[in-house]
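**Student:** Provided herewith is a single structure, encoded as structure tokens, for subsequent inquiry.
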């Protein structure tokens, strides 16, 4: 399954982000804690270059806590300050502000030394669609400023938002890359809802999600769908889930589309518990002594 989705406003956003960088003190890169690397646009590294960066793992309430700690350690080893948050619940907002102050301290100290009065920190928020940028901005600003939704592509225009007297945020539309050459990355993004369902084959996505859970979270899969054992044959697994949850067509036939929608809706809604779809080890990174590494 090759996924292509690159609306015109995303291409425009890349140009605008590049233009705005000279105004920015720090970049807040928002990723999905359930897939911290797959939810990063590789173009971001090219665009941001040498700006101080804070990597924020959002939706930590839906991710595997043990793996979230490993990912924070991973980003720190790469030289990026990193924290985990739950923007929906407003958790981690103070940590973001504190981390940004640390990242711009050297620059602002130089400004003061030159007799320049410190101004508000100017931060750029970047990320792919549906990682929670608008929700984060609204929580930081304590106002319903940015449009929010669980559909990718909700934020379509750039805007400056004041966060108290100490910070100004520039929101940007989510920037996806033109084509997912890595099929696994595309499937992971599709599973968490970062890509519009309307352009996907949901059965393919559901097959990936079920096989992933079978391998990594089998007990949750069995408990949620009342399975004594998980059938090896994927069609039999769909049949068992569809029958258990009443996803039927006329004559008692299993409705595979409805079953696929059910599985993905429940997974995205947290009904199957906290889970993370990738680990640093998969990318050749060994993260040691994670428990000793404290978050910022």
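Count begins at 1; order follows the chain as displayed.
From the backbone N, Cα and C atoms, a Cβ is placed for every residue, glycine too.
Because the structure is a prediction, the values reported are computed rather than measured.
Reproduced below are the annotations present in Swiss-Prot:
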DOMAIN    14-178  domain 'CP-type G'
BINDING   58, 59, 60, 61, 130, 131, 132, 133, 134, 135, 174  GTP binding site
**Student:** Have a look at the binding-site residues (58, 134) and report the one with the fewest Cβ neighbours inside 10 Å.
**Tutor:** 134
**Student:** Just how many other Cβ atoms lie inside 10 Å of the Cβ on residue 132 (GTP binding site)?
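**Tutor:** Within a 10 Å radius of the Cβ of residue 132 (GTP binding site) lie 23 other Cβ atoms.
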**Student:** Could you tally the C-beta atoms, other than its own, that fall within 10 angstroms of the C-beta of residue 60 (GTP binding site)?
**Tutor:** 25
**Student:** Using a 10 Å cut-off, grab the number of neighbouring Cβ atoms around the Cβ of residue 130 (GTP binding site), all chains included.
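**Tutor:** Taking every protein chain into account, the count is 26.
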